[in-house]
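Engineer: In case it's useful when we look at the structure, here is the feature table from TrEMBL:
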{"type": "ACT_SITE", "residues": "B:Asp205", "note": "active site, proton donor"}
{"type": "ACT_SITE", "residues": "B:His377", "note": "active site, proton acceptor"}
{"type": "BINDING", "residues": "B:Gly59, B:Asp61, B:Asp452", "note": "Ca(2+) binding site"}
{"type": "BINDING", "residues": "B:His84, B:His86, B:Asp88, B:His89, B:His151, B:Asp173, B:His399", "note": "Zn(2+) binding site"}
{"type": "BINDING", "residues": "B:Ala242, B:Ser243, B:His244, B:His373, B:Val374, B:Ser375, B:Gly376, B:His377", "note": "substrate binding site"}
{"type": "DOMAIN", "residues": "B:31-225", "note": "domain 'Metallo-beta-lactamase'"}
Number of protein chains: 2
Amino acid sequence: MSHPHPELGSPPPLPEGGFRVTPLGGLGEIGRNMTVFEFDGRLLIVDCGVLFPEEEQPGIDLILPDFSSIRDRLDDIDGIVLTHGHEDHIGGVPYLLREKPDIPLIGSKLTLALIEAKLQEHRIRPYTLEVQEGHRERVGPFDCEFIAVNHSIPDALALAVRTPAGLVVHTGDFKMDQLPLDGRLTDLRAFSRLGEEGIDLLLSDSTNAEVPGFVPPERDISQVLRQVFAGAQKRIIVASFASHVHRIQQILDAAHEYGRRVAFVGRSMVRNMGIARDLGYLKIPAGLVVDVKALGDLPDDEVVLVCTGSQGEPMAALSRMANRDHQIRIVQGDTVILASSLIPGNENAVYRVINGLTRWGANVVHKGNAKVHVSGHASAGELLYFYNICQPSNLMPVHGEWRHLRANAELGALTGVPQDQVVIAEDGVVVDLIEGKAKIVGKVQAGYVYVDGLSVGDVTESALKDRRILGDEGIISVFVVVDSTTGKITGGPHIHSRGSGIDDADFSGVVPRIQEALDRSAQDGVTEVHQLQQLIRRNVGRWVSDNYRRRPMILPVVVEV
Amino acid sequence: MSHPHPELGSPPPLPEGGFRVTPLGGLGEIGRNMTVFEFDGRLLIVDCGVLFPEEEQPGIDLILPDFSSIRDRLDDIDGIVLTHGHEDHIGGVPYLLREKPDIPLIGSKLTLALIEAKLQEHRIRPYTLEVQEGHRERVGPFDCEFIAVNHSIPDALALAVRTPAGLVVHTGDFKMDQLPLDGRLTDLRAFSRLGEEGIDLLLSDSTNAEVPGFVPPERDISQVLRQVFAGAQKRIIVASFASHVHRIQQILDAAHEYGRRVAFVGRSMVRNMGIARDLGYLKIPAGLVVDVKALGDLPDDEVVLVCTGSQGEPMAALSRMANRDHQIRIVQGDTVILASSLIPGNENAVYRVINGLTRWGANVVHKGNAKVHVSGHASAGELLYFYNICQPSNLMPVHGEWRHLRANAELGALTGVPQDQVVIAEDGVVVDLIEGKAKIVGKVQAGYVYVDGLSVGDVTESALKDRRILGDEGIISVFVVVDSTTGKITGGPHIHSRGSGIDDADFSGVVPRIQEALDRSAQDGVTEVHQLQQLIRRNVGRWVSDNYRRRPMILPVVVEV
């Protein structure tokens, strides 16, 4: 298997007749999926998603792919294919369209409806091309075919691209539920056809490559939901993803069967379910769904609330219910169902919510104690089927952390893809398909771009490093006024702290030390502000370390008058 | 089931003949286990552990139980029973003994050896009483019997306490491996005997009460280890807990079988394995274990390293190997085994390490892809056996978050403990056993006490709140000198920021706003420093919010001259 070399340089120009693949996100992380295809000087983008920050990125709202490698070439982009409507595939689109609003968006009906709703909030009206499975569209030099795939949102598509360089297939996110709720299977006949034609390069979803076996059918959940509904004495509150139309459909069906009414709670849930209903993806029996205000008139055992917050997001309805900070007050006997995955990294937040709800007496049903969730991504067993059907010449695992990419690469090799034609790349690593062989040829910039408040990209790694120190240790600010000619203190030191755990009054102990140090340096004729600040930082730092064994940030400000 | 009422007041004095149980830690969290028993004016403490901080407690080293409810009564304490040698049961002892060093410690041989080694670092030499299973010791008015239990560390004990108020049993941490490596079973015969005598109150480990079924035997792991060892071409690096003697024993056995030498890496691993070997708990074939320096002379396929860092701790050897920041450089073909649990909350850190190791070409074997770990705590199936054997009159789940306590309570009720005699308490909630009935009677202070550097308890919730804001948003410090009589600016504003993502140069935009606001207030005759600071905070805050949609901490310092 080829691994990226840590010291890869810039890629050479793409040779004539070659096809270039540059992943700008999603290889090395779960999220911000974005791949750039290039042929004959033109670009086709597949997905443009966001990554949600973790504790390592404090205070950040969103993480985007770095567009800098294509920024000079925005005019070369013939379109953005969106494989499905999840945030990690469409969430970055508004930020790319800000730079050039007329790049056409290509996707299925539901996908386009979701991105259009999102773009409306950014006041962008996109050019769109609606496609569906079986369609074939020429986009610049890219001959695109769209194939139905099954995932945790309806209407997902894989993409096959034909150019003179060969046939390249990108799966998007997919799994292979053989009994999908909407009957829309991952189209293995189409993939067989493509395989027989000869897939030169397959880019394939790695998310569950480490998980052995097969994902159970979505419809298995309905039995579990029914059991929970049958046993519930009071209200039922279900938290799920606002995009999981099939999951919500099953909840609606169970509510209908057990004579309950349903209200949607939360902006994104109300909006998306509206879109899904209007487009015919969600079937709602007449009178089943009511406004949340109307629920107060119903007895508790006729009520279902469907809300977001299944990942423990602190501002979502469910967290606020757990903290008794929401109009819906959890009481003994309520049932709460978390019909969702637990995304790694969210464990603490989710368990905090579960503990809070339990403390108020709710019966909490979740992935950990009942089968109320199945994944949206193919497990190892499914991937083996898939590779045996596709038999690609070259395989490039996408969508995953290193451990997932590597596990996926191994599955490909097991099914007969030659070891040296399994390419493990990471974000920014450029892979060229030339004469039927995929090869790593260089690397472009593909770091994290942070959205924080209104700004995109202003918050840098160094600001984040400051935040981590501030967050762990707090800050001590030291203000001193010195005479500009003698360097002697004429005011201060004024010392204040936040988050260091040291009382402002206790700093009296370090004042003589600062004064002494500055006196000594004044005698040595030191008057340069920067040097004096360093001196203060060193002295205060040492004093704190000796007395408290801590390392807060020290912000010395010396003003000369 | 009785739940604590949120508005519980102070407990009444303990009535004569009553037995009081006050959990000071471990009920509502996994960690800092500590329970106070009281009878006839005397106290017996069971365990005194620490809790490891999460992201909600930035910069904190350790979290202790709050000793304030017993601080006035240190002379009443007849002893501290330590059920086993894990940090969450013994880690708080040095801090309690600092307040009164002569409280006797009671525990098994290994437990006392581990706490003595720890106390040595704190320069405390404790009074100890070594006990073992089957022993019966009178400690003040408490007639104590010790019962063997099986756990993820050798030599763990449960405690039965007889007083005229009845028979109270505390399980400590336990599971019921029916084929333990050392042959030391959880002594169900002893628990049967106690059950027949009549257990008035059972305090029982809740950690795995949500997990259905049974924990597989520890020895099952040896098959998996052998398979990994048989397939490994180069070095094998195993990360595990430094206290898991039986796990390490199995690694040593596998190394021996496959002709490899072993080196221990890391201070706690070297120390604990030394103690375990000296006391006979770890059997090391002659010549098997060598110093890490001697490994360089051996071929890669004869090497095993055993280290800590299985939870992704950034300073531990394993994390540093993943970052290529350790003398041991991971290369293609090395095998790394994480023979440990993944403690909830550590997922991000652990997967970061796994991805890092994988990126360098290591084959990483962990709980997620192989059966290299079994839990140390009884699952639901085991707890049912246990309750049917004990048949306690009253049950009080201990050691767990709310979801665990509640699940454990339900298991007890299922086996026939009357619903109203299952008491779900939380930290600080006082439970009295009076005439055979356990009842919640009040609440004492039992919040988190933070150890940060040298200080214990100085870092408060408010300092942590500051740290969270600082860590998410950064800080802007604004320094202004004003005339004390007129309130007019005579120096500054000097504005500096850390972590806000705003360049210091960009603050020129807010300077006129501050000047204007201060001029206006000077005209109104405002000269009070606090008011001027508020004014600055408000103006800068609004400017940042309008221009950046962020909310950094603002630290205004006004000095009057």
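Cβ atoms here come from the backbone N, Cα and C positions, even for glycine.
TrEMBL entries are annotated by machine, without manual review.
What's the neighbourhood like for these features in this structure?
Structural biologist: DSSP assigns B:Asp205 (active site, proton donor) to a strand in the three-state reduction.
DSSP assigns B:His377 (active site, proton acceptor) to coil in the three-state reduction, placing it in neither a helix nor a strand.
In the three-state DSSP assignment, the secondary structure recorded for B:Asp452 (Ca(2+) binding site) is strand. Around B:Asp452 (Ca(2+) binding site), taking its Cβ as the centre, 25 other Cβ atoms fall within 10 Å, counting all chains.
Other C-beta atoms found within 10 angstroms of the C-beta of B:His399 (Zn(2+) binding site) number 32, with every protein chain shown included.
In sequence order, B:His151, B:Asp173, B:Phe174, B:Lys175, B:Asp205, B:Thr207, B:Asn208, B:Val215, B:His399 are the residues of the chain that are 6 or more apart from B:His377 (active site, proton acceptor) and have a CB within less than 8 Å of its CB.
Taken as a whole, the domain 'Metallo-beta-lactamase' (B:31-225) shows an average pLDDT of 97 in this prediction.
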Engineer: If you run the three-state DSSP split on B:Gly59 (Ca(2+) binding site), which class comes out?
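Structural biologist: In three-state terms, B:Gly59 (Ca(2+) binding site) counts as coil.
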Engineer: So if I draw a 10 Å sphere around the Cβ of B:Ser243 (substrate binding site), how many other Cβ atoms end up inside it?
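Structural biologist: Total other Cβ atoms inside 10 Å, all chains included: 22.
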Engineer: Provide the list of binding-site residues among B:His86, B:Ser375, B:Gly376, B:Asp452 whose C-beta sits under 8 Å from chain A at the C-beta level, in sequence order; use 'none' for an empty result.
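Structural biologist: Cβ contacts with A, in sequence order: B:Asp452.
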Engineer: Non-local Cβ contacts of B:His373 (substrate binding site) (under 8 Å, 6 or more apart, same chain)?
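Structural biologist: Residues satisfying the criterion: B:Ile221, B:Leu338, B:Ala339, B:Ser340, B:Ser341, B:Lys367.
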Engineer: Just give me the nearest neighbour of B:His86 (Zn(2+) binding site) among the binding-site residues B:Gly59, B:His244, B:Ser375, B:Asp452, Cα to Cα.
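Structural biologist: That would be B:His244, nearest by Cα distance.
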Engineer: Pop the Cα-Cα gap between B:Asp452 (Ca(2+) binding site) and B:Gly376 (substrate binding site) into the table, whole Å please.
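Structural biologist: Per the Cα atoms, B:Gly376 (substrate binding site) and B:Asp452 (Ca(2+) binding site) stand 29 Å apart.
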Engineer: With substrate as the bound species and B:Ala242, B:Ser243, B:His244, B:His373, B:Val374, B:Ser375, B:Gly376, B:His377 as its recorded binding residues, calculate the greatest Cα-Cα distance and give it in Å as a whole number.
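Structural biologist: Those residues reach a largest Cα separation of 18 Å.
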Engineer: If you compare CA-to-CA distances from B:Asp452 (Ca(2+) binding site) to each of the binding-site residues B:His84, B:His89, B:Ala242, B:His244, B:Ser375, which comes out shortest?
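Structural biologist: Of the binding-site residues B:His84, B:His89, B:Ala242, B:His244, B:Ser375, B:His89 has its Cα closest to that of B:Asp452 (Ca(2+) binding site).
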